[in-house]
Every structure is written in structure tokens, then in C-alpha cells.
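Input: a single structure, listed below in C-alpha cells.
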């Protein structure tokens, strides 16, 4: 019975992952286009930001792995889906509560999917735990980082974001742990649930990583400096005639 369930999961989940993957490409294409609208870019700006936002992380991952041409360039669905997102944002000014909530849930699910995909590809290439986590995070947040740099602003994951990269780290660790148990497909599914759950919960509770503390160092200046006197004004130095 358990073997039958596992076999069914192994058959169904790859299609689910691909659907989530392309959904993430579309949503991030729309997000890139939305930012282009805010910046009053032309159509070329919409398309470029959409492609960078939607495909940048995966292309960077494949380039670092040196595993051949990035998938985004060999599978026509990826570029087409990203540009479709740009077109939607170009024609329709998206915003408001309904868009924010829809994007939050969809992006959280995609975050876990992309982190799991990046870590799985790293493990398949024979890399260790830390490189696998790094590539999982790069896959999940790399496109957004490049997009923010292109428009001239600090990447949002560096501050003010609610545990976005942390959720990607946790999803990557879940995949790595389940791979060690021989449950790769189940691990990817669990990573999506865990990564999305933490991302949504952190957004709802407004959790974020701590910032660097402000430390006030004690005043170590000599007393004559604090009193406003200068060297040599109080007479000869001690020990001299």
C-alpha cells in the first residue's frame, strides 16, 4: 500500500513541480512588469525586468553549476511565460489588496519550489550541503536581487523583507535531509509546504531578521583632551629639567 502511494506521488509530483515552476515564472514576470510600470519604463523595460525577475535566479544557478545551457533558454515555455507576465502588467495596472494576497500565496509556494529545485540540482551535481543550500537560495531569490540592482535600489532581501531568504534556506535544508533518506520527490513536496508556510507566517506576523546593534563605545580620550587642554600647556613634561 505504501509503495503504491509512493509510486503515485513520484508520478504526479513532477507535473505539480513544473506547474508551480511556470506559475512562479509568470508571477515574477508580472512583478517585474509592475515595477517597470512604477518606474514608467517603456515596453522594452517591461520585458527585460520581467525576464530578469522571473528567470534570473535559475539562469544564475545553471551557469554556476556549468551544467550546459540554462533551462530557461532551452525550454520555450519559460521565456514565453515570463514575457506573458510582462504583457499582463503592461496592459493591466495591478494593485490593491486582492493582488497582494494572491501574489503572497503564489510567491510563497514558488519560493519553496525554486529553493527545492536549486538544492536538488546541486546535490545531483555532487556538491555538499552548504553549496546546495546556497544554490537553493540563489534559485529562489537571485532574480529579484538582480532586478532590484537593475532598477537602482538595494535588494529587498537585505532588509525590510519578512524572512524570505530564510524560508528558502529552510526549504533547501528539508530537501537535503530528505535526499539523505532517499526520498527526493517527497522531500521536494515537503520543502514547498515548509518554505511557503514559513514565508506566509512571517509575513502575517511581520517577522524579520535582526539588524546590526548600535554600540556606544566608551570615551577613551585622555583627560587633558576632555578638559580642552593641549599637550605642553600645563608646563614641562614629567621627568624633564
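Cβ coordinates are placed from backbone N, Cα and C, and glycine is handled just like the others.
The transmembrane segment annotation in TrEMBL falls on one of the ranges 184-204, 205-225, namely 184-204. Checking TrEMBL for transmembrane segment across the ranges 19-37, 76-94 points to 76-94.
Sequence-distant contacts of the transmembrane segment (76-94), counting only residues of its own chain at least 6 positions beyond either end whose CB sits under 8 Å from a CB of the stretch, comprise 22, 25-34, 36-37, 43, 46-47, 49-51, 53-55, 58.
Each residue of the domain 'Glycine transporter' (106-178) gets a DSSP state, and the totals for helix, strand and coil are 59 helix, 0 strand, 14 coil.
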